[in-house]
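Asker: Dumping what TrEMBL says about this protein:
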- Glu166: active site (ACT_SITE)
- Asp90: Ca(2+) binding site (BINDING)
- Asp106: Zn(2+) 1 binding site (BINDING)
- His165, His169, His175, Met183: Zn(2+) 2 binding site (BINDING)
- 38-210: domain 'Peptidase M10 metallopeptidase' (DOMAIN)
Amino acid sequence: MAPQTKKPTLLCGGNQQYGRARLRRDPVDDLSDSQNEWFTDRPIKWMLYDTIVGFDKGIMENIIESALSKWAAVSSLTFEKAAPDTAADDVNLKIKVSGPSVVDPDFPAQTDGSWIAANASWGPGISQLWKPVEKKIYSAHVKFNNTSSGPNNWNVNQIHNVFLHEVGHALKLGHTLVEGAVMGRLMKEGGGNQDIQLQSDDIARIQKYYKPASAKRRFRRAKGSVSAFRS
Ligand SMILES: [Zn+2]
């Protein structure tokens, strides 16, 4: 019998909030959703700061846009790539890569052949400490593991699939035990060779917080009544 080729299972590195790592193998898992919620009255501005070796920035940005558009299509959330000169406080979603020469304590090596592919914030951090105090700062991150403890064979589909899952955390979702859902903990077979789609469980969960239909109806009414304001 021919030996089976063992493909690594990609793991989510868990969530971080306020600097406290939540480990993926804690007996009490991070299944619950974050308390913090994003705004929906304007786009979440995102920026890609680093790249995975072998991928140029434009390609990675296209992959990220494709994944973000899937969440946007089923929710009231919108996303916008931040202009290159955008101040750090005004970039809401920071997308980073731990590079090959880095030892990142967020990504300890695994001993069972699996990899921690990435981690992310658990919902947005919301700060009101800056002046003017009315200006809340919303901030979250997704970080890919391109260190020696990470996947050594990143491909376009894996980047997409891992990001689709991790940004779900940044949007405020925890993990699910529903089989096959994007927000499940494990990504088997190395993340697959095709882009995954949001499943009904993922869609129901994001719509619990960011309902799309009412927002769109409001928008249409507002547009339709423009002439009433001209009198
Ligand atoms: Zn996860």
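Glycine residues also receive a Cβ, built from the backbone N, Cα and C atoms like all the rest.
Just so you know, TrEMBL annotations never went through curation; they're auto-generated.
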Asker: Once the chains shown are all counted, how many other Cβ atoms turn up within 10 Å of the Cβ of His165 (Zn(2+) 2 binding site)?
Answerer: 27
Asker: Summarise the model confidence on the domain 'Peptidase M10 metallopeptidase' (38-210) as a single mean pLDDT, whole number.
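Answerer: Across the domain 'Peptidase M10 metallopeptidase' (38-210), the average pLDDT comes out at 90.
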Asker: Please work out the number of neighbouring Cβ atoms within 10 Å of the Cβ of Asp90 (Ca(2+) binding site), leaving out its own Cβ.
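Answerer: Around the Cβ of Asp90 (Ca(2+) binding site), 13 other Cβ atoms lie within 10 Å.
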Asker: Using the centroid of the Cβ atoms of His165, His169, His175, Met183 as reference, list every other same-chain residue with Cβ within 8 Å of it (recorded Zn(2+) 2 site), in sequence order.
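Answerer: Here the non-site neighbours turn out to be Cys12, Glu166, Gly168, Leu173, Gly174, Thr176, Val182, Gly184, Arg185.
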Asker: Could you tell me the C-alpha distance between Asp90 (Ca(2+) binding site) and His169 (Zn(2+) 2 binding site) in angstrom, no decimals?
Answerer: 20
Asker: Taking every protein chain in this structure into account, which of the recorded positions Asp106, Glu166 has the most other Cβ atoms within 10 Å of its Cβ?
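Answerer: The residue with the most neighbouring Cβ atoms within 10 Å is Glu166.
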Asker: How big is the Cα-to-Cα gap, in Å, between Met183 (Zn(2+) 2 binding site) and the residue listed as 'active site'?
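Answerer: If we compare the Cα positions of Met183 (Zn(2+) 2 binding site) and the residue listed as 'active site', the gap is 8 Å.
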Asker: Provide, as an integer number of angstrom, the distance between the C-alpha atoms of His165 (Zn(2+) 2 binding site) and Asp106 (Zn(2+) 1 binding site).
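Answerer: Between the alpha carbons of His165 (Zn(2+) 2 binding site) and Asp106 (Zn(2+) 1 binding site) there are 17 Å.
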Asker: How long is the line from the C-alpha of His175 (Zn(2+) 2 binding site) to the C-alpha of the residue listed as 'active site', rounded to the nearest angstrom?
Answerer: 10
Asker: Which of His169, His175 has the fewest nearby Cβ atoms, counting only those within 10 Å, among these binding-site residues?
Answerer: His175
Asker: Can you see whether DSSP assigns Met183 (Zn(2+) 2 binding site) to helix, strand or coil?
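Answerer: For Met183 (Zn(2+) 2 binding site) - judged by DSSP and reduced to three states - the answer is coil.
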Asker: If I take the alpha carbons of Glu166 (active site) and Asp106 (Zn(2+) 1 binding site), what is the distance between them in whole Å?
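Answerer: Pair distance, Cα basis, whole Å: 14 Å.
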